[in-house]
Amino acid sequence: MAPSGGLRYFAGRLVTGAVTLWVVSVLVFSAVHLVPGGYPDIVLGPASSPQVREALRAEFGLDRPLVLQYLEWVRHVLTGDLGTSLGTGEPVSAQLMRRLPVTAELAGLSLALTVLAGVPLALLAGLSRGRFGRGLSRLVGSSAMSVPDFVLGSLLVFLFSRFSLGLPVGGYVPLAEDPVANLRSMALPALTLSVFGLALVVRTGRDAVAATFSSPHIAAALARGERIGQVTRHHVLRNAAIPVLTVLATYAGYLMGGAVIVENLFSLPGVAQAVLNAINGRDYATVQGLVLVAAAVFIAINLLADFAYGVVDPRIRAGHRG
């Protein structure tokens with residue numbers, strides 16, 4: 001039996017994701033190897049002799065053609081081996097497992113704050129007939145999008161450290177060690193990282209709710225005597241959820257880039273901080289492995305969003321049949 005159109009669509013998305021991941025692997029490998037100032041320059045310094053520098057390059061296999069180095073790296077990645085840190089000798093996968101929970105928790109809390117605050121504000125603004133709801137959403141959206149993460153984070157660090165407002169401005173406490181202290185240590189970083197997503201959700205959700213609520217089929221449902229709450233749940237939310245899901249999938253990719261700033265600002269030992277340290281130290285294997293995993297997570301999130309579209313609105317699945 002021939003596969004359905006929806007199955008072909010998702011299979012095509014999987015292929016696209018695999019190709020995208022391969023392109024990312026080529027780009028990140030090329031970038032870290034072609035940037036001026038390699039690992040030997042960082043370790044030995046500019047005063048070292050060319051002979052000593054070449055000996056170190058040979059020790060780590062950096063003297064071979066880049067194509068061969070890339071193919072060997074890909075071969076190891078396909079077996080689950082992300083390589084070994086040039087700086088510490090620690091397997092990159094071990095470093096990833098140690099740091100990933102921190103970044104995952106930061107991203108999860110930020111996403112939760114974005115949804116819990118953004119969706120109600122978007123509904124309030126979209127359903128509001130007066131100026132207050134729309135004005136509030138515009139104020140939140142404009143203010144949040146105009147303040148960069150590093151500015152907001154720096155402001156929070158200053159305020160909470162200067163006036164002792166009760167939350168730590170640096171450091172990390174593992175969740176298993178002390179759940180309450182963990183949430184306190186993650187509160188300001190998660191708030192900092194969630195503000196941009198909040199603005200996106202409020203603006204997108206407000207416009208989607210307002211457009212859906214003013215459509216003819218909503219007017220027809222109200223004319224049939226359906227209550228406003230029922231219309232909102234069954235019609236408005238379903239149609240407005242599609243653009244909001246798209247924004248959240250995009251925001252999930254932004255979280256990794258934003259985490260670089262936030263993790264360093266609040267001294268969180270996460271993946272993004274490790275990537276930045278590895279870039280500064282020209283630690284090729286660590287940069288390549290961690291960036292590749294981050295790209296894979298981003299692609300997986302977008303694939304999950306595609307599946308979510310089909311769950312929220314079955315017409316999307318039907319649109320790709322036969």
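Cβ coordinates come from backbone N, Cα and C, glycine included.
All TrEMBL annotations are machine predictions without curation.
Quantities reported herein were computed from a predicted structural model and do not represent experimental measurements.
Under the heading domain 'ABC transmembrane type-1', TrEMBL lists 100-305.
For 12-35 (among others), the entry in TrEMBL reads transmembrane segment. Note on the transmembrane segment (12-35): residues 66, 69-70, 73-74, 77, 279, 282, 284, 287-288, 291-292, 295-296, 299-300, 302-303, 306 of its chain, located 6 or more positions outside it, place their CB under 8 angstroms from a CB of the stretch.
According to TrEMBL, the transmembrane segment annotation covers 106-127 (among others).
Using a Cβ-Cβ cut-off under 8 Å and counting only residues 6 or more beyond its ends in the same chain, the transmembrane segment (139-161) has close neighbours at 121, 167-170, 188-189, 191-193, 195-196, 198-200, 202-203, 206, 258, 261-262, 265-266. Marked as transmembrane segment by TrEMBL: 139-161 (among others).
Look at TrEMBL and you will find 181-202 (among others) tagged as transmembrane segment.
What TrEMBL lists as transmembrane segment is 240-262 (among others). Cβ atoms under 8 Å from those of the transmembrane segment (240-262) belong to residues 103, 106-107, 110-111, 114-115, 119, 122, 126, 149-150, 153, 189, 192-193, 196-197, 200-201, 204-205, 207-209, 212, 268, 270-273, 275-276, 294, 297-298, 301-302, 304-305, 308-309, 312-313, 316 of the same chain, restricted to positions at least 6 beyond its ends.
Positions annotated as transmembrane segment by TrEMBL: 290-312 (among others). Long-range Cβ contacts of the transmembrane segment (290-312) within its own chain (Cβ-Cβ under 8 Å, at least 6 residues beyond either end) map to 6, 10, 13-14, 17, 20-21, 24-25, 28, 77, 82, 92, 95-96, 238, 241-242, 245-246, 248-249, 252-253, 256, 271, 274-275, 278.
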Chain residues outside the transmembrane segment (181-202) and at least six past its termini with a C-beta under 8 angstroms from it: 105-107, 109-111, 113-115, 117-119, 121-122, 125, 137, 140-145, 147, 149, 152-153, 156-157, 160, 167-169, 171-175, 244, 247-248, 250-251, 254-255, 258-259, 262-263, 265-266, 268
Positions on the same chain near the transmembrane segment (106-127), where near means CB under 8 A and six or more residues out: 133-134, 136-138, 140, 186, 189-191, 193-194, 197-198, 200-210, 212-213, 232, 236, 240, 244, 248, 251-252, 255-256, 259, 262-263, 268, 270
